[in-house]
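The following features are taken from TrEMBL:
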- 24-319: domain 'Sugar phosphate transporter' (DOMAIN)
- 18-42: transmembrane segment (TRANSMEM)
- 54-79: transmembrane segment (TRANSMEM)
- 124-144: transmembrane segment (TRANSMEM)
- 150-167: transmembrane segment (TRANSMEM)
- 179-197: transmembrane segment (TRANSMEM)
- 217-234: transmembrane segment (TRANSMEM)
- 246-266: transmembrane segment (TRANSMEM)
- 303-322: transmembrane segment (TRANSMEM)
Amino acid sequence: MALAGGSDSEEDGKTETFLLRAVKIAFVVALYWFVSITMVFLNNYLLDSRELNAPLFVTFFQCVVSVLLCLAMNALSALCPNLVDFPSVRFDPKVSREVLPLSVVFIGMITFNNLCLKHLGVAFYTVGRSLSTVFNVLLSYLILKQTTSVYALLCCGVILGGFWLGVDQEGAQGSLSWSGILYGVLASMCVSLNAIYTKKVMPVVDGSIWKLSYYNNINACVLFVPLILIFGEMAKVYSSTRLGDWHFWGMMTVGGVFGFAIGYVTGLQIKFTSPLTHNVSGTAKACAQTVLAVIFSASIKSFLWWTSNMMVLGGSFAYTWVKGMEMKKVQEEPQCKTKAEKSGSGV
(Lines of atoms letter the chains of each structure in order from A and count residues from 1; the text may use other names and numbers.)
(Lines give C-alpha, C1' and ligand atoms only; values in the text may rest on other atoms or scores of the structure.)
Protein backbone atom coordinates (compact mmCIF):
# COMPACT_ATOMS: atom_id res chain seq x y z
CA MET A 1 0.00 0.00 0.00
CA ALA A 2 2.80 2.34 0.86
CA LEU A 3 4.60 1.64 -2.39
CA ALA A 4 1.44 2.10 -4.41
CA GLY A 5 0.66 5.35 -2.67
CA GLY A 6 4.20 6.65 -3.32
CA SER A 7 3.93 5.87 -7.04
CA ASP A 8 0.61 7.69 -7.38
CA SER A 9 1.93 10.79 -5.60
CA GLU A 10 4.99 10.89 -7.86
CA GLU A 11 2.77 10.73 -10.95
CA ASP A 12 0.56 13.49 -9.53
CA GLY A 13 3.66 15.61 -8.89
CA LYS A 14 4.84 15.13 -12.47
CA THR A 15 1.37 15.95 -13.80
CA GLU A 16 1.19 19.09 -11.70
CA THR A 17 4.66 20.15 -12.85
CA PHE A 18 3.74 19.60 -16.51
CA LEU A 19 0.44 21.45 -16.12
CA LEU A 20 2.11 24.32 -14.30
CA ARG A 21 4.73 24.68 -17.02
CA ALA A 22 2.05 24.48 -19.73
CA VAL A 23 0.06 27.22 -17.99
CA LYS A 24 3.19 29.39 -17.70
CA ILE A 25 4.02 28.95 -21.40
CA ALA A 26 0.43 29.73 -22.41
CA PHE A 27 0.47 32.85 -20.22
CA VAL A 28 3.79 34.07 -21.66
CA VAL A 29 2.67 33.51 -25.27
CA ALA A 30 -0.65 35.27 -24.56
CA LEU A 31 1.24 38.15 -22.94
CA TYR A 32 3.51 38.47 -26.01
CA TRP A 33 0.48 38.49 -28.32
CA PHE A 34 -1.31 41.09 -26.19
CA VAL A 35 1.67 43.45 -25.94
CA SER A 36 2.66 43.13 -29.60
CA ILE A 37 -0.83 43.49 -31.09
CA THR A 38 -1.76 46.33 -28.71
CA MET A 39 1.45 48.18 -29.56
CA VAL A 40 0.73 47.96 -33.32
CA PHE A 41 -2.86 49.23 -32.96
CA LEU A 42 -1.78 51.93 -30.51
CA ASN A 43 0.98 53.18 -32.81
CA ASN A 44 -1.46 53.18 -35.71
CA TYR A 45 -3.83 55.36 -33.64
CA LEU A 46 -1.06 57.81 -32.69
CA LEU A 47 0.40 58.02 -36.20
CA ASP A 48 -3.01 58.38 -37.85
CA SER A 49 -3.79 61.53 -35.89
CA ARG A 50 -4.74 64.37 -38.25
CA GLU A 51 -4.17 66.98 -35.56
CA LEU A 52 -0.50 65.97 -35.20
CA ASN A 53 1.14 64.70 -38.39
CA ALA A 54 4.61 64.21 -36.89
CA PRO A 55 5.68 60.53 -37.07
CA LEU A 56 9.33 61.32 -36.26
CA PHE A 57 8.34 63.20 -33.09
CA VAL A 58 6.05 60.33 -32.01
CA THR A 59 8.93 57.85 -32.45
CA PHE A 60 11.35 60.21 -30.67
CA PHE A 61 8.97 60.51 -27.69
CA GLN A 62 8.74 56.72 -27.41
CA CYS A 63 12.55 56.49 -27.34
CA VAL A 64 12.62 59.05 -24.50
CA VAL A 65 10.10 56.95 -22.56
CA SER A 66 12.25 53.83 -23.11
CA VAL A 67 15.35 55.59 -21.72
CA LEU A 68 13.42 56.80 -18.66
CA LEU A 69 12.05 53.30 -18.07
CA CYS A 70 15.57 51.83 -18.28
CA LEU A 71 16.73 54.33 -15.62
CA ALA A 72 13.66 53.57 -13.48
CA MET A 73 14.25 49.81 -13.70
CA ASN A 74 17.91 50.37 -12.86
CA ALA A 75 16.93 52.33 -9.72
CA LEU A 76 14.36 49.70 -8.68
CA SER A 77 16.92 46.95 -9.20
CA ALA A 78 19.33 48.75 -6.83
CA LEU A 79 16.60 49.31 -4.21
CA CYS A 80 14.92 45.89 -4.49
CA PRO A 81 17.46 43.44 -5.97
CA ASN A 82 15.38 40.44 -4.90
CA LEU A 83 12.29 41.68 -6.74
CA VAL A 84 13.71 43.39 -9.85
CA ASP A 85 16.51 41.87 -11.93
CA PHE A 86 17.92 44.56 -14.22
CA PRO A 87 21.55 45.18 -15.28
CA SER A 88 23.32 48.26 -13.99
CA VAL A 89 23.23 50.97 -16.67
CA ARG A 90 25.59 53.93 -16.56
CA PHE A 91 26.22 56.09 -19.57
CA ASP A 92 29.65 55.51 -21.12
CA PRO A 93 30.50 57.76 -24.13
CA LYS A 94 32.89 55.11 -25.51
CA VAL A 95 30.19 52.42 -25.51
CA SER A 96 27.72 54.90 -27.01
CA ARG A 97 30.12 55.58 -29.92
CA GLU A 98 30.62 51.86 -30.57
CA VAL A 99 26.85 51.28 -30.58
CA LEU A 100 26.26 54.31 -32.88
CA PRO A 101 26.32 52.41 -36.24
CA LEU A 102 23.66 50.06 -34.90
CA SER A 103 21.70 53.04 -33.57
CA VAL A 104 21.56 54.56 -37.08
CA VAL A 105 20.08 51.30 -38.37
CA PHE A 106 17.79 51.17 -35.31
CA ILE A 107 16.45 54.66 -36.11
CA GLY A 108 15.79 53.62 -39.70
CA MET A 109 14.02 50.47 -38.50
CA ILE A 110 11.59 52.11 -36.06
CA THR A 111 11.03 55.19 -38.26
CA PHE A 112 10.29 53.29 -41.49
CA ASN A 113 8.29 50.75 -39.49
CA ASN A 114 6.03 53.50 -38.11
CA LEU A 115 5.77 55.25 -41.49
CA CYS A 116 4.78 51.95 -43.11
CA LEU A 117 2.11 51.46 -40.42
CA LYS A 118 0.89 55.04 -40.91
CA HIS A 119 0.47 54.76 -44.70
CA LEU A 120 -0.64 51.12 -45.05
CA GLY A 121 -2.70 50.55 -41.91
CA VAL A 122 -2.73 47.48 -39.66
CA ALA A 123 -4.57 45.16 -42.10
CA PHE A 124 -1.90 45.35 -44.85
CA TYR A 125 0.98 45.92 -42.43
CA THR A 126 2.01 42.24 -42.30
CA VAL A 127 2.36 42.00 -46.09
CA GLY A 128 3.95 45.44 -46.40
CA ARG A 129 6.63 44.46 -43.87
CA SER A 130 7.04 40.87 -45.06
CA LEU A 131 10.40 41.08 -46.84
CA SER A 132 12.59 41.00 -43.70
CA THR A 133 13.16 37.24 -44.21
CA VAL A 134 14.19 37.80 -47.83
CA PHE A 135 16.57 40.57 -46.78
CA ASN A 136 17.98 38.29 -44.06
CA VAL A 137 19.04 35.81 -46.74
CA LEU A 138 20.34 38.49 -49.13
CA LEU A 139 22.27 40.55 -46.57
CA SER A 140 23.66 37.49 -44.78
CA TYR A 141 25.21 36.48 -48.09
CA LEU A 142 26.48 39.96 -49.01
CA ILE A 143 27.81 40.92 -45.55
CA LEU A 144 28.51 37.63 -43.75
CA LYS A 145 29.08 35.44 -46.85
CA GLN A 146 26.59 32.90 -45.49
CA THR A 147 24.86 30.71 -48.07
CA THR A 148 21.26 29.53 -47.83
CA SER A 149 19.75 26.12 -48.66
CA VAL A 150 17.48 25.58 -51.66
CA TYR A 151 14.49 24.84 -49.39
CA ALA A 152 14.95 28.15 -47.53
CA LEU A 153 15.20 29.98 -50.87
CA LEU A 154 11.96 28.36 -52.01
CA CYS A 155 10.28 29.67 -48.84
CA CYS A 156 11.57 33.16 -49.68
CA GLY A 157 10.09 32.74 -53.17
CA VAL A 158 6.67 32.05 -51.63
CA ILE A 159 7.01 35.18 -49.45
CA LEU A 160 7.96 37.30 -52.48
CA GLY A 161 5.00 35.90 -54.41
CA GLY A 162 2.66 36.72 -51.54
CA PHE A 163 4.10 40.24 -51.32
CA TRP A 164 3.57 41.00 -55.02
CA LEU A 165 0.09 39.46 -55.00
CA GLY A 166 -0.80 41.56 -51.96
CA VAL A 167 0.44 44.75 -53.62
CA ASP A 168 -1.59 43.89 -56.73
CA GLN A 169 -4.77 43.21 -54.73
CA GLU A 170 -4.38 46.28 -52.52
CA GLY A 171 -3.96 48.35 -55.69
CA ALA A 172 -7.07 46.75 -57.23
CA GLN A 173 -9.07 47.84 -54.18
CA GLY A 174 -7.78 51.39 -54.57
CA SER A 175 -6.21 51.54 -51.12
CA LEU A 176 -2.56 51.04 -52.05
CA SER A 177 0.02 53.58 -50.90
CA TRP A 178 3.26 53.29 -52.87
CA SER A 179 5.06 55.41 -50.28
CA GLY A 180 3.82 52.94 -47.64
CA ILE A 181 5.19 50.03 -49.70
CA LEU A 182 8.55 51.81 -50.02
CA TYR A 183 8.65 52.42 -46.25
CA GLY A 184 7.75 48.75 -45.68
CA VAL A 185 10.60 47.54 -47.90
CA LEU A 186 13.07 49.91 -46.19
CA ALA A 187 11.79 48.82 -42.76
CA SER A 188 12.29 45.15 -43.73
CA MET A 189 15.85 45.89 -44.84
CA CYS A 190 16.59 47.75 -41.61
CA VAL A 191 15.16 44.89 -39.51
CA SER A 192 17.62 42.52 -41.19
CA LEU A 193 20.54 44.94 -40.80
CA ASN A 194 19.56 45.47 -37.16
CA ALA A 195 19.80 41.72 -36.50
CA ILE A 196 23.22 41.51 -38.16
CA TYR A 197 24.68 44.56 -36.40
CA THR A 198 23.19 43.51 -33.05
CA LYS A 199 25.30 40.32 -33.14
CA LYS A 200 28.42 42.44 -33.76
CA VAL A 201 27.67 44.98 -31.01
CA MET A 202 26.48 42.57 -28.28
CA PRO A 203 29.99 42.00 -26.81
CA VAL A 204 30.34 45.77 -26.28
CA VAL A 205 27.34 45.75 -23.88
CA ASP A 206 28.36 42.49 -22.16
CA GLY A 207 25.68 40.57 -24.05
CA SER A 208 22.87 42.46 -22.28
CA ILE A 209 19.85 43.26 -24.45
CA TRP A 210 18.73 45.85 -21.86
CA LYS A 211 22.04 47.74 -21.98
CA LEU A 212 21.83 47.67 -25.76
CA SER A 213 18.29 49.06 -25.61
CA TYR A 214 19.47 51.79 -23.22
CA TYR A 215 22.32 52.98 -25.46
CA ASN A 216 20.29 52.54 -28.66
CA ASN A 217 17.48 54.72 -27.35
CA ILE A 218 19.85 57.40 -25.96
CA ASN A 219 21.63 57.64 -29.31
CA ALA A 220 18.26 57.69 -31.10
CA CYS A 221 17.00 60.56 -28.91
CA VAL A 222 20.03 62.65 -29.89
CA LEU A 223 19.91 61.75 -33.60
CA PHE A 224 16.17 62.34 -33.89
CA VAL A 225 16.44 66.01 -32.84
CA PRO A 226 18.08 67.29 -36.08
CA LEU A 227 15.77 65.07 -38.16
CA ILE A 228 12.70 66.56 -36.45
CA LEU A 229 14.01 70.08 -37.11
CA ILE A 230 14.95 69.35 -40.74
CA PHE A 231 11.52 67.92 -41.58
CA GLY A 232 9.74 70.79 -39.83
CA GLU A 233 7.94 68.62 -37.30
CA MET A 234 8.75 70.90 -34.35
CA ALA A 235 6.55 73.61 -35.86
CA LYS A 236 3.76 71.07 -36.34
CA VAL A 237 4.03 70.03 -32.69
CA TYR A 238 3.84 73.63 -31.43
CA SER A 239 0.89 74.48 -33.67
CA SER A 240 -0.98 71.25 -32.88
CA THR A 241 -4.31 71.42 -31.06
CA ARG A 242 -3.31 68.30 -29.09
CA LEU A 243 -0.34 69.92 -27.38
CA GLY A 244 -2.39 70.50 -24.22
CA ASP A 245 -4.43 67.30 -24.53
CA TRP A 246 -3.50 65.12 -21.53
CA HIS A 247 -5.30 62.11 -23.03
CA PHE A 248 -3.08 62.30 -26.11
CA TRP A 249 0.11 62.54 -24.04
CA GLY A 250 -1.13 59.68 -21.88
CA MET A 251 -1.58 57.54 -24.99
CA MET A 252 1.88 58.60 -26.20
CA THR A 253 3.37 57.49 -22.88
CA VAL A 254 1.49 54.19 -22.97
CA GLY A 255 2.84 53.66 -26.49
CA GLY A 256 6.37 54.18 -25.19
CA VAL A 257 5.74 51.74 -22.33
CA PHE A 258 4.52 49.08 -24.75
CA GLY A 259 7.51 49.75 -27.00
CA PHE A 260 9.77 49.09 -24.01
CA ALA A 261 7.72 46.06 -22.89
CA ILE A 262 7.93 44.30 -26.27
CA GLY A 263 11.65 43.70 -25.69
CA TYR A 264 10.92 42.09 -22.33
CA VAL A 265 8.05 39.84 -23.47
CA THR A 266 10.01 38.77 -26.57
CA GLY A 267 12.91 37.63 -24.38
CA LEU A 268 10.45 36.00 -21.98
CA GLN A 269 8.77 34.01 -24.76
CA ILE A 270 12.14 32.81 -26.10
CA LYS A 271 13.19 31.84 -22.56
CA PHE A 272 10.05 29.78 -21.85
CA THR A 273 9.83 28.22 -25.33
CA SER A 274 12.61 28.48 -27.95
CA PRO A 275 13.70 30.83 -30.76
CA LEU A 276 11.93 28.56 -33.26
CA THR A 277 8.68 28.58 -31.27
CA HIS A 278 8.98 32.35 -30.86
CA ASN A 279 9.12 32.81 -34.64
CA VAL A 280 6.15 30.49 -35.12
CA SER A 281 4.25 32.41 -32.44
CA GLY A 282 5.13 35.70 -34.15
CA THR A 283 3.81 34.39 -37.47
CA ALA A 284 0.54 33.23 -35.88
CA LYS A 285 0.27 36.57 -34.07
CA ALA A 286 0.62 38.43 -37.38
CA CYS A 287 -2.24 36.35 -38.80
CA ALA A 288 -4.49 37.15 -35.82
CA GLN A 289 -3.48 40.81 -36.03
CA THR A 290 -4.50 41.00 -39.70
CA VAL A 291 -7.88 39.37 -39.02
CA LEU A 292 -8.54 41.73 -36.09
CA ALA A 293 -7.64 44.76 -38.22
CA VAL A 294 -10.03 43.72 -41.00
CA ILE A 295 -12.83 43.10 -38.48
CA PHE A 296 -12.13 46.39 -36.69
CA SER A 297 -12.21 48.40 -39.93
CA ALA A 298 -15.30 46.47 -41.13
CA SER A 299 -13.74 46.16 -44.60
CA ILE A 300 -14.30 43.38 -47.15
CA LYS A 301 -11.22 41.78 -48.71
CA SER A 302 -11.04 39.58 -51.79
CA PHE A 303 -10.04 35.91 -51.82
CA LEU A 304 -6.74 36.76 -53.55
CA TRP A 305 -6.02 39.43 -50.90
CA TRP A 306 -6.36 36.80 -48.18
CA THR A 307 -4.31 34.39 -50.31
CA SER A 308 -1.43 36.87 -50.39
CA ASN A 309 -1.48 37.08 -46.58
CA MET A 310 -1.52 33.29 -46.27
CA MET A 311 1.39 32.99 -48.72
CA VAL A 312 3.44 35.50 -46.70
CA LEU A 313 2.62 33.85 -43.37
CA GLY A 314 2.97 30.31 -44.75
CA GLY A 315 6.31 31.11 -46.38
CA SER A 316 7.57 32.72 -43.15
CA PHE A 317 6.47 29.70 -41.10
CA ALA A 318 8.07 27.27 -43.56
CA TYR A 319 11.32 29.27 -43.57
CA THR A 320 11.40 29.19 -39.76
CA TRP A 321 10.81 25.43 -39.75
CA VAL A 322 13.48 24.76 -42.41
CA LYS A 323 16.10 26.87 -40.59
CA GLY A 324 15.18 25.14 -37.32
CA MET A 325 15.69 21.70 -38.85
CA GLU A 326 19.00 22.78 -40.38
CA MET A 327 20.26 24.08 -37.03
CA LYS A 328 19.17 20.87 -35.32
CA LYS A 329 21.05 18.83 -37.93
CA VAL A 330 24.22 20.91 -37.43
CA GLN A 331 24.01 20.42 -33.66
CA GLU A 332 23.52 16.65 -33.98
CA GLU A 333 26.45 16.07 -36.37
CA PRO A 334 29.25 16.52 -33.74
CA GLN A 335 27.41 14.16 -31.36
CA CYS A 336 27.12 11.50 -34.08
CA LYS A 337 30.85 11.85 -34.88
CA THR A 338 31.74 11.53 -31.19
CA LYS A 339 29.64 8.38 -30.82
CA ALA A 340 31.18 6.90 -33.99
CA GLU A 341 34.71 7.64 -32.72
CA LYS A 342 33.96 6.03 -29.33
CA SER A 343 32.49 2.92 -30.93
CA GLY A 344 35.46 2.72 -33.30
CA SER A 345 38.00 2.97 -30.45
CA GLY A 346 36.01 0.37 -28.51
CA VAL A 347 36.37 -2.12 -31.37
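Even glycines carry a Cβ here, placed using N, Cα and C.
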Cβ contacts the transmembrane segment (54-79)/the transmembrane segment (217-234), at least three under 8 Å, sequence gap 6 or more: yes
Recorded stretch, among 18-42, 150-167, 179-197, 217-234, 303-322, maximising Cβ pairs under 8 Å relative to the transmembrane segment (124-144): 179-197
Stretch with greatest number of CB pairs under 8 Å, the transmembrane segment (246-266) reference, 18-42, 150-167, 179-197 candidates: 18-42
Non-local residues, at least 6 beyond the ends, that sit with Cβ under 8 Å of the transmembrane segment (18-42): 117, 122, 125, 251, 254-255, 258-259, 261-262, 265-266, 268-269, 272-273, 281-282, 285, 288-289, 292-293, 296
Rounded mean pLDDT for the residues that make up the domain 'Sugar phosphate transporter' (24-319): 86
